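**Student:** Dumping the structure here so I can ask a few things about it.
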Amino acid sequence: MFSSSMFPHLILPAIGSSKVRTMVLPFAFVGFFIFPICLASLLDWNDAYEYPKYSFEWSNVSILEGDIDSIKEKTEKTKLSSLFYAGKHEYFCVYPNASLIKQNSTTEPSYDLQELRIQGTEKINELANVFLIENRGYWTYDYVYGQHVRQYHLEPQQGSDKVLANPMYILGTAPNTQTKKNLEENWAIGFVEGKAYLQTTFRNGTMCDITKRPRHVILSYECSTNSDTPEITQYQEVSSCAYSMTIHVPGLCSLPAFKIQEDIPSEKIVCYNVIKEKSNEVDHKDSQHVVDEVAQTSPPEVKEVETQSS
């Protein structure tokens, strides 16, 4: 089945109107109306800002079951296809080959990395007076720029308004990045689908009972949302007493290299109704024309179709 974390919003036909139109609905609502195709696993969708982005379309063009093999043979290598079922109905869906798209994307644009490092850390310095705190169930995490990252459990004290942090662990302390040499040594620049992020490591945390080594946390600073407020967007213990944390820095969004690429056009997922034989009750074009149209790189335009009001 689809996962709400994989498809937070899909563009789908509206229901209960005289015409089919496209609209954006929360997945929790549209999930009742979508057949169980496992496109989430096929497309490896992670979040709303993942690349490539997708839009979903129902086509009013029906295809003959006997034409499917021919369509598959003619489909561009940048596209994949699958058959799916919803009750008694069969659908043929054409969707992008996400692996090829990512392989062909520019993951490391040409930038002056040292200049990018300087510009980026200047924006991160704006967190100097910011205290970030994130509660994740039993544990709470906080980040203080230039100082540390901590993990602790907040325990209310009986008969008092005070809350005790017990236990508390320092996951890592900030390195010295004041000199140019330290700046280069302690700040790494990475790219994910052409978007830059800065990364550093806070070391010398509380000693770990399991590894017998000090805890450490890898911090990634990026423009990860459209929010004007800095926030901890991701946290994970990747191995015993080794952690990763991602922090959204609004200032980085003003730098082109770090900015979310919202203007990237979405890749289409188009599904067609499959029929056993030609019928006057459906909109079915000349068989060979349909084969060529469905197999082409750009799926056919979805038209407005008159429907009965429910």
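Cβ coordinates come from backbone N, Cα and C, glycine included.
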**Student:** Say which of C93, C208, C271 is recorded by Swiss-Prot as the disulfide partner for C241.
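**Tutor:** Disulfide mapping in Swiss-Prot sends C241 to C208.
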**Student:** What residue among C93, C223 is stated in Swiss-Prot to be the disulfide partner of C253?
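**Tutor:** Between C253 and one of C93, C223, Swiss-Prot records a disulfide, namely with C223.
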**Student:** Treating G and I as helix alongside H, and B as strand alongside E, what does DSSP give for the domain 'MRH' (129-255) in helix, strand and coil?
**Tutor:** 12 helix, 71 strand, 44 coil
**Student:** What does DSSP say about N60 (N-linked glycosylation site): helix, strand or coil?
**Tutor:** strand
**Student:** Just name the winner among C208, C241 (the disulfide-bonded residues) by count of other CB atoms within 10 A of its CB.
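**Tutor:** Per the Cβ count within 10 Å, the most buried is C241.
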**Student:** Measuring CA to CA, name the entry from the recorded positions N97, N204, C208, C223, C241 that ends up nearest N60 (N-linked glycosylation site).
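**Tutor:** Going through N97, N204, C208, C223, C241 one by one, the Cα closest to that of N60 (N-linked glycosylation site) is N97.
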**Student:** For C253 (disulfide bond), which residues in the same chain are close in space, meaning a Cβ under 8 Å from its Cβ, but six or more apart along the sequence?
**Tutor:** C223, N226, K259, I260
